[in-house]
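Here is what TrEMBL records for this protein:
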- 1-302: domain 'Peptidase A1' (DOMAIN)
- Cys190-Cys194: disulfide bond (DISULFID)
- Cys233-Cys266: disulfide bond (DISULFID)
Amino acid sequence: MPLIKGKSARDTLQEKGMWEEYRKKFPYNPMAKFMQTGTESMTNDADMSYYGVISIGTPPQSFKVVFDTGSSNLWVGGISVPSQMLGLSHTEAPFMTYMLADGILGLAFPSISSSQATPVFDNMMNQGLVTQDLFSVYLSSNEQAGSEVVFGGMDPNHYTGNINWIPLSSETYWQISMDSVTINGNTVACSQGCQAIVDTGTSQIVGPTSDINSIQNSIGATTNQYGDSPVQCSNIGSMPEVTFHINGYPFTLPASAYITQSSYGCRTGFGGSNQQLWILGDVFIRQYYAIFDRSSNSVGLAQAV
């Protein structure tokens, strides 16, 4: 199923000259959706920009949704999923006003689903709608076209080399164990090992604030009062690679991958939080094709092309 990279809430707010005022009022909390206290979860990631179109109901109505491996709640191109439970929100996070998406289609495990709703992909498996109990995600760096999610298979046109399989450490989110983060061979974060979620529904790479500050300092960036970490665009060519060591495999991001460039300048794709859990979001997944395998409860990562 094709995904479209559209304008993020940040883009719209910046165009309207409202970004700094908005961020002061609503500070970015990348862990919001992982710390829900009721039956509804919300996130305030204003940089989310990958959407797919699904149809719901009879007659069908089309909705743009974020395909989110970091949640489980809610038909997809070529597949109709009968009797799918979905949630209707009566209140919205403020940034949703500026987003292209109408909602979120969760692809994590049933154990974290609100109201015991069966997630969409579980219904696909239960109804025999997919040939393999896995789905895969390719996020293109292209401004708009090329991204896709494949239910029941993989697309070899979007990766090269070996697929490195990583067992899950928890069957809630797509959670894995990470060994360390290094720059120029030196450990700068996750020095004692840590837990990470591979999450298509988070735009950045997120980690504990102290670890993220260590990475930012090592690449020559600092975080400002709005939670952004601006850098000089002219420095990208001289900035170091950042390597994430997972299950014995190195996954390296060049500066061109972890720096976001726009007409408003350049900033890093790293964000700090007050939690110990890491999130490997879209900044990481654009570089590594991600396969989410329910049959083996593992995540496969391969170099994206």
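Glycine is no exception: its Cβ is also placed from the backbone N, Cα and C atoms.
Automatic prediction, not curation, is the source of TrEMBL annotations.
Quick caveat, the model's predicted, so the values are computed rather than measured.
Location within the structure of each feature annotated in TrEMBL.
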residue : record         : contacts (Cβ under 8 Å, 6+ apart)
Cys190  : disulfide bond : Met178, Asp179, Ser180, Val181, Gly207, Asp211, Trp278
Cys194  : disulfide bond : Ser177, Met178, Gly207, Gln276, Leu277, Trp278
Cys233  : disulfide bond : Ile259, Gln261, Gly265, Cys266
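The average pLDDT computed for the domain 'Peptidase A1' (1-302) is 82. Under the DSSP three-state reduction, Cys194 (disulfide bond) is assigned to strand. There are 18 other Cβ atoms within 10 Å of the Cβ belonging to Cys266 (disulfide bond).
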